[in-house]
Amino acid sequence: MKIAVLGTGYVGLSTGVCLSEIGHHVYCIDINEQKINNLRNGISPIYEPGLESLLASNMTAQRLQFTTSLEEGLNDAEIIIIAVGTPQGDDGAADLSYLEQAAKDISKYVAASSIIVIKSTVPVGTNEYIQTIIEAECGFPVQMVSNPEFLRQGSAVQDTMKPDRIILGSNDKTAAEKIREMYLPLNAPIILADIRSAEMIKYASNAFLATKISYINEIANLCEVVGANVEDVANGVGKDKRIGEAFLQAGIGYGGSCFPKDVKALLHTASLYQVDFSMLKETIAINDNQQKLLVKKAVKRFGDLQGKKIAMLGLSFKPETDDMREAPSIKIAHSLTQMGAEVVAYDPVAINNAKQVLGDIITYASSVYDAISQADALMIVTEWKEFTQLDFASLVKKMNHPIIFDGRNCLEEEQLKACGNVEYYSIGRPVIII
Ligand SMILES: NC(=O)c1ccc[n+]([C@@H]2O[C@H](COP(=O)([O-])OP(=O)(O)OC[C@H]3O[C@@H](n4cnc5c(N)ncnc54)[C@H](O)[C@@H]3O)[C@@H](O)[C@H]2O)c1
């Protein structure tokens, strides 16, 4: 099939690359010229495991092309997938301005037979709203399919190639059938729904996962004061098939480009319809508190952070991504520096993006060893696998004080025992002082 994808961010690029991998002819379109120029040279604008090699092979096979020209990209497109950003607006609602612009842009080139698919995360009613914009501009009826995306950054290619399910929401059976055909080579379960339910499925899923994280974090906080260990608790709870083990890792809260904004957007939708979704307010409040925990623990330990050198391991909002959007590291870096601490941070891939967000309020190290040298404390902020495999016994010897605040419960007691002399504070687990 001939497919055009608007937006070459995490979702649009992964979708475009994977659809070409399963044999479709894909044109990826973006308004960002630099991104398109890089992509034409086989350079991915984002870090995603496996993405660049698929990019290269499908470009070589001439199934994947990039352009900033809608005329070129939409020429003959049977399916137009919109995957532009829907960031948080000032009032918590999803900002639909990119989507509205994309709708107006494509109306000039859309054919009566083409199907328009919205993959961006959008509030209930948006597909219908966008349909009215396009129809008003192009002057004939168009077919819409809501196809929310569930990929996780850090495993975007794998998630796109092997999704748990594909949601197709449409009020037009023929349109939904065509999109089902597009996805057939993936051999994934496909769930058909009406267009509004499809939109709601995305928000209901993300809000549930965010709430599960806040729930285990609140249990972790309780574990600390009653003398229980949240890891044992989560293990025991998660083995119950009705609950499941995923998203029961206590830590310093969720971040990223989706959970924070999607929870707030769902809350906004509820308030528009006078529904008091108070549980979501708590999910957000717990998460805000959780992101402050490492700093609170450091203040409790040191009293005053003025002049303390803090090594920060991890900047991205989660491992295997360079995305800094809503990363807990941002709040932590701001709080520490406002209290007069000197922060030296290391991240395997997110330093360039972190510099755009944090500028020079912190120093960026080129290795863990550089970051940790002469540090008064170490904070583990992102659970990169390479951090868990470090030789902490020799690392802590490079510090002024062997004090570790682990925001992701990365280290085990055995690793700490090997350090000889260490103080270790984590989330919902007993303090270890050796
Ligand atoms: N990132 C994720 O993990 C994820 C997962 C599931 C769903 N989503 C949703 O998917 C959507 C996209 O998210 P993302 O993280 O890929 O966004 P992103 O910000 O990484 O990328 C959006 C891209 O769209 C481009 N763009 C904006 N307006 C355009 C236009 N008129 N025409 C063509 N391109 C245009 C931008 O230049 C940018 O490259 C959002 O609604 C998001 O909530 C994201």
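Cβ coordinates come from backbone N, Cα and C, glycine included.
When Cβ atoms from all protein chains are considered, those within 10 Å of C258 (active site, nucleophile) total 26, not counting its own. Annotation comment: TrEMBL describes C258 as active site, nucleophile.
Summarising the environment of K261 (NAD(+) binding site), the number of other Cβ atoms within 10 Å of its Cβ, over all protein chains shown, is 23. Annotation comment: TrEMBL describes D30, K35, T86, T121, K261, R325 as NAD(+) binding site.
Residues or ranges marked as substrate binding site by TrEMBL: K202, F247, L248, Q249, A250, G251, G255, K318. In three-state terms derived from DSSP, K318 (substrate binding site) belongs to neither a helical nor a strand segment and is classed as coil. Shown in sequence order, Q153, G154, G255, G256, T382, E383 are the residues of the chain, 6+ apart in sequence, with a C-beta less than 8 angstroms from the C-beta of K318 (substrate binding site).
For 311-413, the entry in TrEMBL reads domain 'UDP-glucose/GDP-mannose dehydrogenase C-terminal'. Taken as a whole, the domain 'UDP-glucose/GDP-mannose dehydrogenase C-terminal' (311-413) shows an average pLDDT of 95 in this prediction.
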Inter-residue C-alpha distance, G251 (substrate binding site) and K35 (NAD(+) binding site) (nearest angstrom): 34
Top Cα neighbour of K261 (NAD(+) binding site) in the set of binding-site residues K202, F247, L248, A250: K202
When distances run from the Cα of D30 (NAD(+) binding site) to each of the recorded positions K202, L248, C258, the nearest one: C258
Alpha-carbon distance [K35 (NAD(+) binding site); L248 (substrate binding site)] in Å: 36
